[in-house]
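Working notes for the structure below.
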Ligand SMILES: *[C@@H]1O[C@H](CO)[C@@H](O)[C@H](O)[C@H]1NC(C)=O
Ligand SMILES: *[C@@H]1O[C@H](CO)[C@@H](O)[C@H](O)[C@H]1NC(C)=O
Ligand SMILES: *[C@@H]1O[C@H](CO)[C@@H](O)[C@H](O)[C@H]1NC(C)=O
């Protein structure tokens, strides 16, 4: 590969090698830090990148500084940029999500020819990507919406890349994408083809939702250590360092250990000084909204979003704290080491539930939109490079390798056994926390999901009866599924079932 001008057998790839035109393998529009880093990453891997920014002076700045001494080519207009690209042309947009993407697409289309590829690597909403994919298909342009995760550092040295859209584009961008992506294990790239239309951005959205869940789960473990066991920050840091050597080995556990240890300029721990009111940019919320929209019980991410909302009511909580009491005689009297292991297992089991739910949402979206998704590949894409990267995701990949049609992660033998091994601890951690009055929205919702999923009979028969009682909504009998029955419960009900309203 080397300089991007030779193919893998070392032969000249292009007849116009020495032409002043057709010199770049790919173009990138949008020279904010992510864009710059992605360009430098591609350059490091031997690809010639053409850089463009709407504010043209940014191009000159970049060429004179960060890109100095590289093979990056600067362009001062979209026309110039397009003229420098090999065919099929490949153009990455890394601009603000929303109308800026549409603006650039409409300016680019007249300059492109059939088979050229536009890749949106921004944080676009998946429905926008689906729309763009369809609109551009009519113009014979291949659109790819790619999730990019890993922040500035990831973009520079190996992001997780989640491309989806027009599949004909994949063979053309695959060598570039897979070489710049993070690598795990024996060099497997954290980038593969996700699926059709907006699925790349959908998968990125679910990644972010899972990230909200993982973060909240760690917070609940921290809360239990701090307020049930009364541990100090250095001690908690040591525990997280130990956990990082178990099934929980992951980026978020690792940074949590580092955060707990961190001391401010005054020598005191920084963490307890930080205002406990969490902000959000909305991707967790969008995952929860999709879950509601497609009827999938992604309860843990929902609770993680709500936990941030509750935390942000700081002033109100400070007032409520003076008025509302917790349980009496709330003191822990068990074995500390044993309880720490209970917390660790509660975290692990809850995490399994969260990923189970996330993959349920992916599966339902695939059904909804007619996408073919490669679930094992998605797990591998998240295995490295991104915020939720962990050894655990390798286990999910293995589960889908064993059984590509796996309906639910909990039905895989590895995860079934893992949850079973945790369950006594999980229940103990939660009941102790509840007794002492510690909020654990994600630990508890995860356990409720597990208990709900494993029950063949739930009390929803009563819901059906209630609906029929007050609204004549009808129900089915266990013995006669498919037959809709209305009962005259009160003796003054009508015989007509309701179709005019639903409750
Ligand atoms: C141009 O570069 C600046 C950063 O230098 C960035 O904020 C902006 O999004 C870029 N815009 C476009 C459209 O290229
Ligand atoms: C966590 O584990 C990884 C290896 O899996 C290691 O690279 C990292 O340094 C560990 N972090 C901490 C804080 O122990
Ligand atoms: C409902 O039951 C009452 C009392 O048994 C009866 O008078 C009434 O006719 C029933 N209604 C219908 C629609 O069957």
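Placed from the backbone N, Cα and C atoms, the Cβ positions cover glycine too.
Non-local contacts of residue 204 (active site, proton acceptor) by the CB criterion (under 8 A, 6+ apart in sequence, same chain) comprise 123, 147, 148, 149, 162. TrEMBL lists 204 with the feature active site, proton acceptor.
The DSSP secondary structure for residue 211 (active site, proton donor) is helix. Just so you know, the Cβ of residue 211 (active site, proton donor) picks up 22 other Cβ atoms within 10 Å once every protein chain is counted. Under the heading active site, proton donor, TrEMBL lists 211.
Residues or ranges marked as NADP(+) binding site by TrEMBL: 30, 31, 32, 33, 34, 35, 53, 54, 55, 95, 96, 97, 123. When Cβ atoms from all protein chains are considered, those within 10 Å of residue 55 (NADP(+) binding site) total 8, not counting its own.
Classification of residue 123 (NADP(+) binding site) by DSSP places it in coil, neither helical nor stranded. Here TrEMBL flags 123, 149, 150, 151, 207, 208, 212, 281, 308, 467, 473 as substrate binding site.
Feature annotation from TrEMBL assigns domain '6-phosphogluconate dehydrogenase C-terminal' to 200-490.
Closest to residue 150 (substrate binding site) by Cα-Cα distance, out of the binding-site residues 30, 32, 53, is 32. Only 30, 32, of the recorded positions 30, 32, 211, 212, place a Cβ under 6 Å from an atom of ligand 1.
Fewest other C-beta atoms within 10 angstroms, among the binding-site residues 53, 123, are seen around 123. Across the structure, residue 212 (substrate binding site) and residue 55 (NADP(+) binding site) place their CA atoms 35 angstrom apart. For residue 30 (NADP(+) binding site), the nearest neighbour among the recorded positions 207, 211, 308, 473, judged by Cα separation, is 207. Mean predicted confidence for the domain '6-phosphogluconate dehydrogenase C-terminal' (200-490): the pLDDT average there is 96. Annotated pair residue 32 (NADP(+) binding site) and residue 207 (substrate binding site), C-alpha to C-alpha distance, rounded: 23 Å. Of all Cβ atoms in the protein chains displayed, 24 besides its own lie within 10 Å of the Cβ of residue 30 (NADP(+) binding site).
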